[in-house]
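Worksheet for the structure shown next.
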Amino acid sequence: MKLIILDRDGVINHDSPDFIKSPAEWIPVPGSLEAIARLNQAGYKVVVASNQSGIARELFDMATLNAIHQKLHNLAQQVGASIDAIFFCPHAGADNCDCRKPKPGMFTEISQRYKISLKGVPTVGDSLRDLQAGFVSGCIPYLVLTGKGEKTQATGGLPPGTMVFPDLAAMVNHLLKSNAAAASSSAS
Ligand SMILES: [Mg+2]
Ligand SMILES: [Zn+2]
């Protein structure tokens, strides 16, 4: 089984310093949903792991988060993309939970849910904590420069082996191209 783990805000949709608090504020990054469709066509299950401390901060409630994710699923479906599951951490930093990235709790949960090791599984984020949570879980970290990505790249300290792409569409193009190259070299 092929799996890929994506951050949500700043990767699939435009981020906002004021949080994404309503379906109206959830706007996809151009090309991101189409990129997810290409992943699906290549046999990837696409899973989201997202910090949503806006819940703990009472900026929005669970019903609103569900409505936001319904919009995500609806827009994805319109371009033939499917997101298999959305894992989120509703806590704030002070809650000291195990799931808020950079802690790896959501990645552990994903590994258990799909009964696979995350070793070598690609993970895509725009913040250092996304990449850190993935890296300690065995994932290959990819930074995209949408959302907070440019700031993250400028700050540095990325996990070893992090690859950087302008956006999710470019990352997916690279991933699928390198998979195809690996397949043709092993076939020859
Ligand atoms: Mg993000
Ligand atoms: Zn949490």
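The backbone N, Cα and C atoms fix where each Cβ goes, and this holds for glycine too.
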Site co-member for Mg(2+) according to TrEMBL, given Asp7, Asp9, out of Asp126, Asp167: Asp126
Those residues of the chain, 6+ apart, with a Cβ under 8 Å from that of Cys99 (Zn(2+) binding site): Phe87, Cys89, His91, Gly105, Met106, Glu109
Rounded Cα separation (Å) that holds between Asp7 (active site, nucleophile) and Lys101 (site 'Stabilizes the phosphoryl group'): 10
Recorded positions near Asp9 (active site, proton donor), in sequence order, restricted to Cys97, Arg100, Lys101 and a 10 Å Cα cut-off: none
Near-site residues: Zn(2+), ref Cys89, His91, Cys97, Cys99, CB cutoff 8 A to centroid: Asn51, Pro90, Asp95, Asp98, Arg100, Lys103, Gly105, Met106
